[in-house]
Amino acid sequence: MAKLLIVEARFYDHLNDLLLDGARTAIEDAGHKHETITVPGALEVPGAIAMAAESGRYDGFVALGVVIRGETYHFEVVSNESARGLMALSMDSLAIGNGILTVENEAQALTRARRTEKDKGGEAAKAALRMMELREKFAG
């Protein structure tokens, strides 16, 4: 049984609740354990995963959050840099599922977060689980 860490950037509670429900359900349905921590925003997710990875206590990671486009360039910075940070960590053989939604509006976020629709939280957890399998396969 593996243990995953869900790292959530909790900014929109109702949207994060949906993502978290999907991720937890996918992990539990696969027979694994999980813990959840909260960070201030999407930019802090990669750093938290890097710190947790150093502990050696987790087999995989699920990144969750919602970034909704506003009126400034901040959306692009947060979206691009959080994704870049997660990608850099994955290149170090960390099994990470990226469930940080980058959307134009709340309606898009709801569609992607609901388990009955796109279930991006569940998909991120399944991606992390699959990457864990691949890492184990290549390790021998």
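Each Cβ is built from the backbone N, Cα and C atoms, and glycine gets one as well.
Pulled from Swiss-Prot:
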- PHE11, ALA42, LEU43, GLU44, VAL66, VAL67, ILE68, ASN98: 5-amino-6-(D-ribitylamino)uracil binding site (BINDING)
- GLU71, THR72, ARG112: (2S)-2-hydroxy-3-oxobutyl phosphate binding site (BINDING)
- HIS74: active site, proton donor (ACT_SITE)
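Candidate binding-site residues: ALA42, VAL66, VAL67, ILE68. Fewest other C-beta atoms within 10 angstroms, ILE68.
For HIS74 (active site, proton donor), the number of other Cβ atoms no farther than 10 Å from its own Cβ, over all displayed protein chains, is 11.
In this structure the residues listed as binding (2S)-2-hydroxy-3-oxobutyl phosphate are GLU71, THR72, ARG112; their two most distant Cα atoms lie 23 Å apart. The full span of the recorded 5-amino-6-(D-ribitylamino)uracil binding residues, PHE11, ALA42, LEU43, GLU44, VAL66, VAL67, ILE68, ASN98, taken as their largest Cα to Cα distance, is 16 Å. Nearest in space to VAL66 (5-amino-6-(D-ribitylamino)uracil binding site), taking C-alpha to C-alpha distance over the recorded positions THR72, HIS74, ARG112, is ARG112. ALA42 (5-amino-6-(D-ribitylamino)uracil binding site) is 17 Å away from ARG112 ((2S)-2-hydroxy-3-oxobutyl phosphate binding site) when you measure Cα to Cα. Under the DSSP three-state reduction, GLU71 ((2S)-2-hydroxy-3-oxobutyl phosphate binding site) is assigned to coil, being neither helix nor strand. Neighbour count (other Cβ atoms within 10 Å of the Cβ, all protein chains): 14 for PHE11 (5-amino-6-(D-ribitylamino)uracil binding site).
Here THR72 ((2S)-2-hydroxy-3-oxobutyl phosphate binding site) is positioned 17 angstrom away from PHE11 (5-amino-6-(D-ribitylamino)uracil binding site), judged by their C-alpha atoms. By the criterion of other Cβ atoms within 10 Å of the residue's own Cβ, the least surrounded of the binding-site residues GLU44, GLU71 is GLU71.
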